[in-house]
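Now, the feature entries from Swiss-Prot:
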type: BINDING; residues: Gly165, Arg166, Ser167, Ser190, Ile231; note: NADP(+) binding site
Amino acid sequence: MSLKLDGKKLSLEIEERLNNYISSNKKIAKRAPGLAVIRIGEDPASGVYVNNKEKACSRIGIKSFIFHLKDSVEQKEVEQLIIKLNSDKDIDGILLQLPIPKKFDEQKLISSINPGKDVDGLNEINIGKLVKNEPAMRSCTPAGIINLLRSQNITIEGKKIVVIGRSLLVGKPLSLMLLNLNGTVTMTHSKTLNLNKVCREADILIAAAGKPNLVDSTFVKEGAVIIDVGIHRLKSSNKNQTRLCGDVLLEDVISKVFAYTPVPGGVGPMTVTMLLVNTIFSWQKQFGLSSTLNDLLP
């Protein structure tokens with residue numbers, strides 16, 4: 001039977017440890033950690049994600065500040081808000097909820113976030129430090145994936161790892177993080193020739209293509225570990241209902257794989273948990289608190 005990498009269960013376990021960590025250090029810091037989330041526009045999925053982050057913060061004692069801006073707001077106004085939050089001593093982390101309306105210069109906004117408060121790890125300073133394998137904020141989804149693998153003692157070093165997707169949010173930082181952990185990494189994308197053949201070489205296959213049910217049994221070798229980053233809402237056979245699926249056609253591959261992540265309940269919860277970890281890391285650094293935070297992770 002294949003091993004389910006249960007991100008929801010692991011995230012709750014880590015949250016409990018984080019809650020205890022905050023409680024034991026709050027008297028020294030004299031305040032709770034603070035996370036500012038900037039949402040622009042009315043994208044429904046963004047609303048759900050921001051709500052999930054707000055609830056997660058509340059569960060463990062992080063104070064969240066939600067800034068929901070209309071899509072009529074100007075670039076300069078968003079930049080000014082970020083500058084204000086950069087200097088706000090009650091804010092440890094700043095997150096720009098993506099995607100944002102196309103009229104905005106997304107990278108310029110991300111670049112204006114103080115690297116020490118860039119809890120999404122997307123500022124070029126943090127990306128540069130990742131390239132150099134120096135300590136810095138790490139992107140949440142890649143960090144969540146690595147902790148999921150570690151939680152089940154799945155070795156990265158020396159393994160052939162194929163990543164499908166080259167986004168700045170997942171594919172690129174994840175490939176660098178795996179490389180820094182001595183994995184043998186191949187990054188693939190929409191122009192890769194014979195994609196399923198390349199993927200069949202993988203000991204660990206990570207699907208972050210953003211394409212529903214792309215990965216079937218022809219992509220997977222016996223005994224592989226498969227991580228599904230995708231999440232899509234599709235119409236079910238009953239037209240009035242929808243169902244969630246990932247980039248992996250799970251029912252087609254499950255008999256071949258050693259371990260897999262479900263959708264939902266796999267990578268998603270761990271992404272939110274690593275956002276909490278990054279926020280607390282920034283809080284810890286500001287107040288010179290106990291450096292045992294890494295001991296709370298797998």
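Every residue, even glycine, has its Cβ placed from backbone N, Cα and C.
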Just jot down the residues in the same chain as Ile231 (NADP(+) binding site), at least 6 apart in sequence, with C-beta under 8 A of its C-beta; none if empty.
Leu244, Cys245, Gly246, Val263, Pro264, Gly268
Fewest Cβ neighbours within 10 Å, where candidates are the binding-site residues Gly165, Ser190:
Ser190
Under 8 Å Cβ to Cβ from Ser167 (NADP(+) binding site), same chain, six or more residues apart: give me those in sequence order, or none if nothing qualifies.
Ala208, Gly210
For Arg166 (NADP(+) binding site), which residues in the same chain are close in space, meaning a Cβ under 8 Å from its Cβ, but six or more apart along the sequence?
Lys172, Ser175, Met187, Thr188, His189
Rounded to a whole angstrom, what is the largest C-alpha distance between any two of the residues Gly165, Arg166, Ser167, Ser190, Ile231 that the record assigns to NADP(+)?
18
